[in-house]
Ligand SMILES: Cc1cc2nc3c(=O)[nH]c(=O)nc-3n(C[C@H](O)[C@H](O)[C@H](O)COP(=O)(O)O)c2cc1C
């Protein structure tokens, strides 16, 4: 494929997708300051390379939950993926497998968690939204039965963020057709052709037979989360899930510590890619202030578009990063092959950064290789 960076793939995604769909992929909450801040936070850290190190056998690999991964990254959970490409959840899962990293399937996936598990054989994690307590427990049971390795419970979507691009475009499911949306579709014929052949995404985990209780059906129709979901309810999920478990969407050090004490295997420091609360802290800055917590994995996401961003996060203490939009740009450019290309670009950039840094192994990449930019250097 011709693209040489994730940014180029982003430009192509913008051209390929109807505006309404691209805005759903790209947009953030309110004034999008968190969205921009995530990207800028990586520029606030500078490398301090070491020289004259034997770099003849550089190791970008690391381990996640005791098993090797090709580089310190995991594909993040994203909902409604089939808006970008048909059978997109499978395309993402297979591309992640080919690249040697885990894939996280969203509760709001377009294919069911059972289908994805059956049709792909890489490392699969399942992300849980607690929409209604009974529904959450049934999803946990299903993910267990389907053999998902890790449960990622997202806790930063009690209410949906106010995404003004989506409001302006009238974005929602089912799609409301207007002259503007039809014109948008006509201007993007390749996307429209795929959509006419495969249909718009459904919520694959929630067909009628899978959601028997009226409370759960009502909650789904409202498209809102269980607002009473709290630490005790999280603990109940922990008791029901024997595998690895991460909490995604925490930023406050007290919350991180509480997750550790509750027996979680780690957290994902995240502001949901700037899609929820504007003006939150940047996950990378929170990471930089944490003390090491042996046996407890810290993952970080938001704004990662370069392999060098991954190196900064690892240097500051992350076990791995999660890749959200970077993988979706690849998806929009070319389905499974596009995702594979985007992931390979990041993997190669990460490896190249290790070489440039004079760091022969991900395991040796620590805070000694970075420092915060001084105010004179600017972001
Ligand atoms: C289109 C889109 C859909 C998303 N859907 C979900 C989701 O269903 N569950 C979830 O936990 N996070 C979701 N996220 C957040 C991502 O998991 C991740 O936190 C975020 O994308 C990271 O920021 P980045 O896109 O800048 O890499 C979504 C993000 C995007 C862009």
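Just so it is clear, glycine is given a Cβ too, placed from its N, Cα and C backbone atoms.
Nobody curates TrEMBL annotations by hand; they come from automatic prediction.
Here is what TrEMBL records for this protein:
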- 272: active site, proton acceptor (ACT_SITE)
- 24, 129, 163, 272, 275: glyoxylate binding site (BINDING)
- 77-79, 106, 127, 154, 248, 270, 301-305, 324-325: FMN binding site (BINDING)
- 1-375: domain 'FMN hydroxy acid dehydrogenase' (DOMAIN)
For residue 77 (FMN binding site), the one of 24, 272, 275 that lies nearest, given that the recorded positions are compared by Cα: 272
Residue 163 (glyoxylate binding site): tally of other CB atoms within 10 A of its CB: 22
Inter-residue Cα distance where the pair is residue 305 (FMN binding site) and residue 275 (glyoxylate binding site), in Å: 17
Residue 305 (FMN binding site) and the residue listed as 'active site, proton acceptor', Cα-Cα, nearest whole angstrom: 15
Cβ packing number for residue 24 (glyoxylate binding site), 10 Å threshold: 21
Residue 127 (FMN binding site) in three-state DSSP notation: strand
Residue with minimal Cβ packing [other Cβ atoms within 10 Å] among the binding-site residues 77, 79, 303: 79
Minimum Cα separation from residue 325 (FMN binding site), reported as the residue among binding-site residues 24, 129, 163 that achieves it: 24
C-alpha spacing of residue 129 (glyoxylate binding site) relative to residue 248 (FMN binding site), in angstrom: 10
Candidate with the highest Cβ count within 10 Å, taken from the recorded positions 272, 305, 325: 325
Nearest of the binding-site residues (24, 129, 163) to residue 305 (FMN binding site) - Cα to Cα: 24
Cβ neighbours within the same chain of residue 129 (glyoxylate binding site) - under 8 Å, at least six residues apart: 106, 107, 108, 136, 154, 157, 225
Alpha-carbon distance [residue 163 (glyoxylate binding site); residue 301 (FMN binding site)] in Å: 19
